[in-house]
């Protein structure tokens, strides 16, 4: 196995780089990086399957026991709440407690940040794909307890795998804090985007299965297949958008903005909202979920490299400590949304029904998308004005110097 010291570290822009630049991505991953990728993929797959198996059957099972939709949403939200608390700790103190789990080090410093992030999101999507149908099938065939036992055993089997293949990474603590990172205006708005998209995903967990069961009278196993429309399109589109945004970085901002706006439209049509007078049909619901999965991939994938580049532009070190802060921020914002989405979703479903609750959820994505778009337009205007002033000042300096340069010729 390659030693940690063999990994190529980050290079400062403009420095000596025989490969041709700091942003150039190596063609092949090392053996160590492949192991890290496998470990990260197994983590994403197992954790998302454990969470997503609940969707097809748990809300109905909880309803049978007299649980309100609000409480059902809070049960889903508890997972994300404690994930948030853990992320705040581990993201800030990762370099103090050891960075073996910090799989991004060996890959993100190489330059291909977005491609690999998109690839790992494929396994999150794969977990979302397998979880609902597997959970629905096991519940329908063997009862309530079996889905949890099977998935728990699968995740436990991944523990020795990760203990064996993950290398150790060492890094010095950075000078910057989590709060300094999130205080950057651009990072704060991207955090809002992450939060809104996570909330949109979380909203569906306690509400969609109940809506489908009541509206279309499908068994639990088939409800899992409805969830498949969202998860499958997200899993397929994530690496494609990762590749696209890595090859064309200026495109990231527009993927992020338009992805949010499309997501907002999807949630308005998910019911659909009654004011549109569109009849709810199963094929339309699945189609909207497929489009939603694609739009989510458009929005989520660019967020990590955008935060990372913004951090580097504002003086954060190009090393593991910054990656830990960015990763912790992403996970924390995702967890906040994953807590608020099902909690508020369950409450709104109980009070105003699925159609209006989904529209309210879409409003959140609409606001974050418009805010992000406005920021990018202001940023573009500010840079253009700054460039114009720089050109003007250069012309003025040249004008003042020209008479002095021509004076000897005149004499």
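Glycine is treated like the rest: Cβ placed from N, Cα and C.
Fair warning: this is a prediction, and the values are worked out from it, not measured in the lab.
The region 'Disordered' annotation in TrEMBL covers 1-24. Summarising the annotation, TrEMBL assigns transmembrane segment to 34-58, 70-94, 101-126, 146-166, 178-204, 224-243, 255-276, 282-301, 322-344, 356-378. The domain 'Major facilitator superfamily (MFS) profile' annotation in TrEMBL covers 148-411.
Restricting the average to the domain 'Major facilitator superfamily (MFS) profile' (148-411) gives a pLDDT of 80. 178-204 is the stretch from 178-204, 224-243, 322-344 with the greatest number of Cβ pairs below 8 Å to the transmembrane segment (255-276).
Taking every listed stretch (178-204, 224-243, 282-301) in turn, the largest tally of C-beta pairs under 8 A with the transmembrane segment (322-344) is reached by 178-204.
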